[in-house]
Amino acid sequence: MYPPPAPPPAPHRDFISVTLSLGESYDNSKSRRRRSCWRKWKQLSRLQRNVILFVVGFLILCGLLYSLQTADQWKALSGRPAEVEKMKLEVLPVLPAPQKERAEPEGFADILSQKRQRHFRRGPPHLQIRPPNTVSKDGMQDDAKEREAALGKAQQEENTQRTVISWRGAVIEPEQATELPYKRAEASIKPLFLASKIWKEPAPPNERQKGVIEAFLHAWKGYQKFAWGHDELKPVSKTFSEWFGLGLTLIDALDTMWILGLKQEFKQARKWVAENLDFQKNVDVNLFESTIRILGGLLSTYHLSGDSLFLTKAEDFGKRLMPAFTTPSKIPYSDVNIGTGFAHSPQWTSDSTVAEVTSIQLEFRELSRLTGIKKFQEAVEEVTKHIHSLSGKKDGLVPMFINTNSGLFTHPGVFTLGARADSYYEYLLKQWIQGGKKETQLLEDYVKAIEGIKAHLLRQSQPRKLTFVGELAHGRFSAKMDHLVCFLPGTLALGVHHGLPADHMDLARALMETCYQMNQQMETGLSPEIAHFNMYPRADHKDVEVKPADRHNLLRPETVESLFYLYRVTRDRKYQDWGWEILQSFNKYTRVPSGGYSSINNVQNSHKPEPRDKMESFFVGETLKYLYLLFSDDLELLSLDSCVFNTEAHPLPIWAPV
């Protein structure tokens, strides 16, 4: 009636599989895992495998680049003595050595035959290096050895000559007991050789020079009242602005005060330098601007006054700038933190401008000569040699930018004598003069560049046929000339004074006329920052035309700088008259009653020039200094045969040839 019961289910059995392998030990199944991974890899689609391979390859590449960057950083941090010794160059002598004649300085021919080193692309441009205040023990020992060697040779010089010529021009006996304290302290930093003295007490100032002194004192009054110890005066708002926070205007004006005979003002400024100028600050400085203004100003003031305080400060500051040269190409970074030793490019690019990296040589070379520490000179001369060997020039003309990683020119095909390239040409000539006219490659590069200017950048305006220097961009000429280019007539005249071809003087005269007209054709009698020249005959147009964005004046010195050189070389008093007109225009349109002078926005409106409320440090460091020297009746006051002016108008001595 009922169906039979279902049979009970079979009991569940568990099985264990054991694999026996003869002659092999258990290895945690690594081989099986490899076979399992390979099986899973084969199960992936081709797209998935390609994606994984791309990601792995990308990570490997990133790791390789990072390791290269890390290796460069450790190389920079190591401070190995062997590398330092390799980088050092021998400091050129500045007076004939009594023992034997020195060989000619090493030229640039060797670098042309060398293969360009391979440079790897780096990661972020920021490069951390050892802070200046924590210099390695080896580095300190190297500097000490260089100082000891320099001092030893200097003492040998003293044994052959009983009298020593001081920087002030006084002849003293080494044994006399009335030696000043700062002279005794200077023993540890005595230069290996003495250079030509650059200073002698001038005659009393004439009437025009008194006008310059009055203008300086008015500018200084504003700085003392409203900006003392700060970088720049804002005369209209009666306050100040900071750039580096290092008393830029004060340092830039030190040698100007000495030259103008303002001893009381100089004494007050010296006290500030001694008590308040401290470079151990967490602040970025521009290598170029700080070198020409601060380092150049301190070195010049040391030569004029003989006060070793300024050389001590200069050496400290120079060491703090050295991290900028720690790049793969030896082309320095544009910025360096003088407190932490952090050197880097600007945030927006890894390029430096050609003018900036090639216009610091006068100062660093002189610092090496004075201190006996060769690394300063070595670093900047590496840059000079590198630029000389590069391709991408056009008949001696150079592009405006150079990459700090690759060491190659960037933005090729653009050539100008204005901003970012101007002082490259100036320093070719001035280094040749500074070194006693022995470094012929510098002279050859300069002369070739002048021929390149004549061939590619020189034109004449209409209707007065003014000769001007334009710009070239990828074969297209632009009739644009910065006021900065007005350094060129003075540089050409300086070259002629030192024996260069007479036709350079013809070009200097023509360009000087143009720069004067850039001032004269404006309602205020002051040049705009940038001028454009009319190249076609038009009845209603002047030679010089100014765009609204370019009509400001920053109290720049280039025109009066060239007037100074032209007068020194030609003795033509019209250049003094032109300079006097410009000084009167400064007094009329830029002078602020409460003290100081202000740059203006509109040189074409004499009724409303619109003050910009800023007095650049170069107004007291350059503009007024060149005007004072221009008006001097004494052509031996800072003679062109004994000194060379850096691009901030700070005079440095010429090294006497062997």
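Using N, Cα and C of the backbone, Cβ positions are placed for all residues, glycine too.
Automated prediction, rather than curation, is the source of TrEMBL annotations.
TrEMBL lists a disulfide bond between Cys515 and one candidate from Cys486, Cys643; that candidate is Cys486. Between the stretches 23-42, 123-142, TrEMBL puts its region 'Disordered' entry on 123-142. One residue stands out among the recorded positions Cys486, Thr647 for having the most other Cβ atoms within 10 Å of its Cβ: Cys486. Its Cβ taken as reference, Asp422 (active site) is surrounded by 24 other Cβ atoms within 10 Å in the chains shown. Using CA atoms as reference points, the recorded positions Cys486, Glu529, Glu558, Thr647 were checked against Glu289 (active site, proton donor), and the closest is Thr647.
Only Glu558, of the recorded positions Glu529, Glu558, Thr647, have a C-alpha within 10 angstroms of the C-alpha of Cys486 (disulfide bond). Cβ packing within 10 Å was compared across the active-site residues Glu529, Glu558, and the lowest neighbour count falls to Glu529.
Of all Cβ atoms in the protein chains displayed, 18 besides its own lie within 10 Å of the Cβ of Glu289 (active site, proton donor).
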